[in-house]
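Let me begin by presenting the structure, written as C-alpha cells, before commenting on it.
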Amino acid sequence: MQVPVGSRLVLALAFVLVWGSSVQGYPARRARYQWVRCKPNGFFANCIEEKGPQFDLIDESNNIGPPMNNPVLMEGPSKDFISNYDDYGSGSGSGSGSGSGSGSGSGSGFLGDMEWEYQPTDESNIVYFNYKPFDRILTEQNQDQPEDDFII
C-alpha cells in the first residue's frame with residue numbers, strides 16, 4: 001500500500017516538533033564578564049559598558065556532592081570557641097567633639113542596655129545568648145513621671 005507524500009511530510013514534521021520540544025538544549029560552555037564603569041560629571045553619569053574576553057566554563061555538574069558531604073559542616077560547633085564578650089564595653093580612650101544640647105540622667109545608654117538584654121549563658125563550653133530581656137529596674141531620676149508633665 002502506497003502512503004501519500006503529504007502524509008509522510010506531516011508525519012515527519014510532527015515527529016521533529018515533538019522530539020525537538022522534549023530536548024532542553026545544551027548548556028552554555030562559554031562566558032564573558034561584563035561590567036559598567038562610570039565617571040560622574042555633574043548631573044551626568046557618563047557610564048560605559050565594558051566586556052571582558054570570553055572564556056570556557058568548567059563542568060561543575062560533577063563537582064556537586066550529596067547534601068552534607070562537607071566534613072566541616074558535619075562536625076558541628078567548635079569546642080574551642082573564644083568569646084570576646086568579656087571585653088565588650090571595657091577599656092579606656094579619649095576623643096573630642098562639638099555640639100550643643102541639654103539633658104539629664106545617670107549616663108546609661110545604648111551599650112548598657114545591650115549588656116542587660118543579651119547575657120551569655122555557658123552550657124558545656126559553648127556560648128549561647130539569651131535574648132529574653134531581664135526586668136529593668138527604673139530607679140533613675142525622672143524616669144517614672146506621668147505623661148501629664150510632658151510639654152509638647
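Cβ coordinates come from backbone N, Cα and C, glycine included.
Just so it is clear, the model here is predicted, and its values are computed rather than measured.
Features as listed in Swiss-Prot:
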COMPBIAS  90-110  compositional bias 'Gly residues'
DISULFID  CYS38-CYS47  disulfide bond
CARBOHYD  SER92  O-linked glycosylation site
CARBOHYD  SER94  O-linked glycosylation site
CARBOHYD  SER98  O-linked glycosylation site
CARBOHYD  SER100  O-linked glycosylation site
CARBOHYD  SER102  O-linked glycosylation site
CARBOHYD  SER104  O-linked glycosylation site
CARBOHYD  SER106  O-linked glycosylation site
CARBOHYD  SER108  O-linked glycosylation site
REGION    66-115  region 'Disordered'
REGION    89-108  region '10 X 2 AA tandem repeats of G-S'
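Counting every protein chain shown, the number of other Cβ atoms lying within 10 Å of the Cβ of CYS47 (disulfide bond) is 11.
For the region '10 X 2 AA tandem repeats of G-S' (89-108), the mean pLDDT of the prediction comes to 50. CYS38 (disulfide bond) is surrounded by 10 other CB atoms, counting those within 10 A of its CB over all protein chains shown.
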